[in-house]
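Copied over from TrEMBL:
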type	residues	note
BINDING	S52, Y121	Fe-coproporphyrin III binding site
BINDING	H181, E264	Fe(2+) binding site
Amino acid sequence: MEFDALLLLSFGGPEGPEQVMPFLENVTRGRGIPRERLESVAEHYLHFGGVSPINGINRELITSIEAELERRGRQMPVYFGNRNWEPYIEDTVAAMRDNGIRRAAVFATSAWGGYSGCTQYQEDIARGREAAGPEAPELVKLRQYFDHPLLIQMFADAIADAAVTLPEELRGQARLVFTAHSIPRRAASRCGTDLYERQVGYTAGLVAAAAGYRDYDQVWQSRSGPPQVPWLEPDVGDHLDSLAADGTKAVIVCPIGFVADHIEVVWDLDNELADQAAAAGIAFARASTPNAQPRFAQLVVDLVDEMRLDRAPLRVENPAAVPGYGCSVNGTPCTSACGV
C-alpha cells in the first residue's frame, strides 16, 4: 500500500493566553463541565504563559520524521492536524485534498487502544474527511504502538537518565512508579474489555524489565469530573502518600501513558506531584517522554513501512502479550468491539 503523504494527528493545545479558554471549551464541549472548573484548569496553562508544549513538540517531531524519511530515501510530505486546536484536522485534510493527496498514512500521538486512545482519533479522521467532501484523500490510521521495541527502549533509557538525578545514596532504593492518564471506568470498558488498562500495564512491565527493575508500581493520574463517577485507580497522589507512609525515600515517576510532554506531565507531575513529594521528604525524579527524539521518528516511519511494504508488525515478543489494533481506513472501527 503506497502513500502520498503522512498526517500527524494530535490532541492540540493553546499557544497563547487568549487561546486557553477557547481551547478548553473545545475539549469539554457537550460534557457539562462548570466554567469554574475550566478556569481552574486554565491556570495550569497560564503558569506557562498560556502555551501548551504539545504543538511545539509535534512540530519538532515532524522535522525529525522528515529527516528520517530522507535518510531512508523517501519523498513524502508530512502534514499536521489536531482535534481541539489549530491546525484543525478539518483544515488539514482540506489542504491535503487541494494539494492532490490521494492516500495518506495517519500517525496518532497516542500509543494506546480504547476510546480516547484510538477510537476518538478514528472519529477525527472521519470528521476531517466529511468536511473535505468527496475528493478527500483516503486516510489510513497506523496501528497502536504501545509494544514497539523503540518505545520500550526510549522509556527504559529515560528511567536510567532520571535515576542519576537522584542523590547517589538513594538511587538503589528509589521506587519506580509508572503513570498514565486515568479515564472513567465506564469508558475503560469500551472498545474491548479494559483494553487500555491492560495495554498500559503490559507496557509498564516491558519497560521495567528493560530498565532492570523487578518491582514497580503502575498508577493513574489527572482524573477529572464528578467524584461520584468511578475512574481508574489508584491515583498517583494517593499512591505517593502511601509510599511516604511506608518510608519510601525516593521515587522515579515515568509517565508511560504520554508520548510527549502534555500539560498533564509538566504541571500535574513536575509541579503538583513534585511539590507533594518534597513536602513528604521524598526525592523525586521524572523520566522524560519520547517527545521529538530521532528514535521516535524512526518508530513512526517503521509503522508507515509496515503498511507500505506489508511487513509483520515490529513488537516486543512476550508470551503475556495483549492485543493491539488501530489500523483502519477512513475512520472505520478496526474491530467490532469499537463499533459501539
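Cβ atoms here come from the backbone N, Cα and C positions, even for glycine.
What TrEMBL says about a protein is an automatic prediction, not a curated fact.
Annotated features taken from TrEMBL, shown on the structure.
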| residue | record | DSSP (3 states) |
| --- | --- | --- |
| S52 | Fe-coproporphyrin III binding site | coil |
| Y121 | Fe-coproporphyrin III binding site | helix |
| H181 | Fe(2+) binding site | strand |
| E264 | Fe(2+) binding site | helix |
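The binding-site residues under consideration are S52, H181, E264. Their Cβ neighbour counts within 10 Å are lowest for E264. A distance of 10 Å separates the Cα atom of E264 (Fe(2+) binding site) from that of S52 (Fe-coproporphyrin III binding site).
Here the CA atom of H181 (Fe(2+) binding site) lies 17 Å from the CA atom of S52 (Fe-coproporphyrin III binding site).
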